[in-house]
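What follows is a set of notes on a single structure, which appears directly below.
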Amino acid sequence: MSLQVKTIDKLFANAMKGQWDEVLKIYNESPEVQKAKITKSEDTTLHTAVSVGQTEIALELVEKSQKDTLELANAKGNTALHIAAALGDLRVCESMISKNRCLITFRNLKGETPLFLAALHGKREAFLYLYSLGKEDYLVRRYDGDTVLHAAISGEYFRLAMSIMHCHPNLADAVNEDGLSPLHILATKPNAFQSGSRLGLFDRIIYHCLVVDDLKEETPDVDKYINIASKKQGKDILEFPENYKTCMNFFLMLSNLFQVLFSKLGIVGGNKKDHGKPDEENPQQKRSLEHGVNEIEGQKSEDRFFPPNYDTLVLFFNVMMKALLIILGIGIWRINKIQRKKRLHAWAKRVMDKLVKHTTSYKFYDNSGWDPTQTRGGEELAVSNVPPDFLSDRGKNIPETSSSIKCEIKAGQGQDEAAGKRHTPILIAAKMGVTEMVGKILEEFPVAIQDSDSENKNVVLLAVENRQPQVYKLLLQSKIMKESVFRHLDKDGNSALHLAAQCKEQRPWLIPGVALQMQWEIKWYKFVKKSMPPQFFPRYNLKHETPKEIFINTHTALTKEGGKWLVKTSESCSVVAALVATVAFATSSTIPGGADQNTGIPLLLHEPVFSAFAISSLVALCFSVTALVFFLLILTSRCQEKDFAMDLPRKLLLGLTSLFASITSIVISFCDGHVFILSDNLKHVAYPLYAALCLPIAYFALAQLSLYFDLENALSFLW
């Protein structure tokens, strides 16, 4: 084994053990190992140091490395700058670029530049820093046509997405090789919007009481981000325990409230004439104003629903509600979780508004002489646009394929060639249930209501087929071509009612239990049917099938599964109800303390506990028999499709309610009867035992509580 191989092995061993002082020592003693690839993935020592977050070590390695050493790529084609950008390590990025500026143009095997990887991993500061050094179009795309905006939205990094659109507005309507724009990608993210979240009642109250910051557009400032990165690595930063953050957030919230209150009174803020002018002593503020930083976009005074002074009242109410929740013991972690979710929803909506505003897919260009595919589908992002100084530095490090990169993106490649026959953003949003996007697109472009996919399904048919009631209700409220849109048929002649009657393999309703799934299917079918006048929907499709026939044929398996679940549940509960009825009957016929031999009147008749015993025994008997009857009715039911709408769920709900009441009553009856046989000095010992006896019952009730509420909600809920 040669000396160099031994040195590389030693270098690898020290790097894996984290002995970076030894690595630096080897680097100084053997400069030839700087280009050595030490791992299976062909990483150099610099790659490894950056990957594990050893910023200080990486900076020293960069300082000792030659210019061409920094251009070495691993098996994935990533240079160390790619990795630093993906991790958001600004100091390493700055150090490498200052030594070899052409590194920002290098692509990996997927055609991703360091700028693209920063966006892909949501590293906003790294992205803005790299973008300030290279703003050319060829840096923002990879080989499949995805732009940095596609990547940011795909990862739900909406703050970064807003910054990208501020720096590079033309990317808002750019498409990849599949014809997908950033708005298409956003439409596939229903969880990023409030309409896609499923919050309980209490969480919804907290949700509406919280205040989140609005998105701000920011122009990149090189010095700002480098200074921030340096301070983060410094040792002079005070570290506080994690729980201090809660206190700081609360006091900051109160501080903001007082500032708003005092500003309304004219106590804070100085002369109103100076409002909006840059502070000459604050260069950052001046720079932001010069670059047109928009803190709140689209909030014009004439568009406000309430007067401006209502903001103070709303803010005060939200702060007081949040303080009350903290006092009541609601975990701050839960509030923070809901606040993060609300911030995600608010930021996603801001990004959506900006994307819809910049879309050009509904415009007609033949009369203007301008080809829209130049920005939407045919950008030629060739490396020939790279500055000469970059090309001279890169030499042979440019991959063979990247020397003539041309992202000839054909909108809808691999799909229907006919215009409008691929999924547009509004169709995807309707399918995924993103009500906010459907409403916004229709508000800006009413003509979008005519969009249809390759199966000739429009926004109404897709909303019905994918069980999106909120989208369907929104379309019902819309007055745009309502009759023709709702009467639309797909390529098989299916109307909205035909699609509502179909049952697919996936279960779209977010509710457990096949019986309840079947009930929601029936309710959805009836809702769509009653949403339009009688005889509005065509009766037959091209296969000469009626909606009712489709419903019966496609729901056969679900009906059988739902019937089996109901029978199994009823059998289990009926056994318990029968046992309770037996015990309740025996208890009700027993008189504690006996009765008078002459009159037959109970000796303890005037005792309050005796009255409670008699009433609870009777209640237990009545409710247990009632529960038994309801469960027997379910067991003897024919379990047809129509029975799942109201009949069977109502019987199950009443049976469970009666069963819970009977179990509770029989326990009360037992405790009341047991009191008579205890002496006075033992009664205080029995009370904790009575409480312990209630624990199994409480556990059983809590275990069935979700089913109980689901049944109650299903019976009472109407779209």
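From the backbone N, Cα and C atoms, a Cβ is placed for every residue, glycine too.
Predicted automatically and left uncurated, TrEMBL annotations should be read as such.
Taken together, the residues of the domain 'PGG' (564-675) have an average pLDDT of 83. Annotation source TrEMBL lists domain 'PGG' at 564-675.
Taken from TrEMBL, the feature region 'Disordered' covers 271-290.
Annotation source TrEMBL lists transmembrane segment at 313-333 (among others).
Away from its own ends, the transmembrane segment (573-591) comes close to residues 602, 614, 617-618, 620-621, 624-625, 627-628, 631-632, 635, 655-656, 658-659, 662-663, 665-666, 669-670, 673 of its chain (Cβ-Cβ under 8 Å, at least six residues beyond either end). The annotation transmembrane segment is assigned in TrEMBL to 573-591 (among others).
Among residues of the same chain six or more beyond the transmembrane segment (611-635), those with a C-beta under 8 A of the stretch's C-beta atoms are 566-567, 570-571, 573-574, 577-578, 580-581, 583-585, 587-588, 592, 648, 651-652, 654-656, 658-659, 661-663, 665-666, 668-669, 672-673. The feature transmembrane segment is assigned by TrEMBL to 611-635 (among others).
As annotated by TrEMBL, transmembrane segment applies to 656-677 (among others). Under 8 Å from some Cβ of the transmembrane segment (656-677) lie the Cβ atoms of residues 573, 576-577, 580-581, 583-584, 587, 590, 592-593, 604, 609-610, 612-613, 616-617, 619-624, 626-627, 630, 683, 686, 690, 693-694, 697, 700-701, 704, 707-708, 711, all in the same chain and six or more residues away from its ends.
The transmembrane segment feature in TrEMBL is assigned to 689-709 (among others). Same-chain neighbours of the transmembrane segment (689-709): 512-513, 653, 656-657, 660, 663-664, 667, 670-671, counting only residues six or more beyond its ends whose CB sits under 8 Å from a CB of the stretch.
Residue counts for the domain 'PGG' (564-675) under DSSP, helix first, then strand, then coil, are 86 helix, 2 strand, 24 coil.
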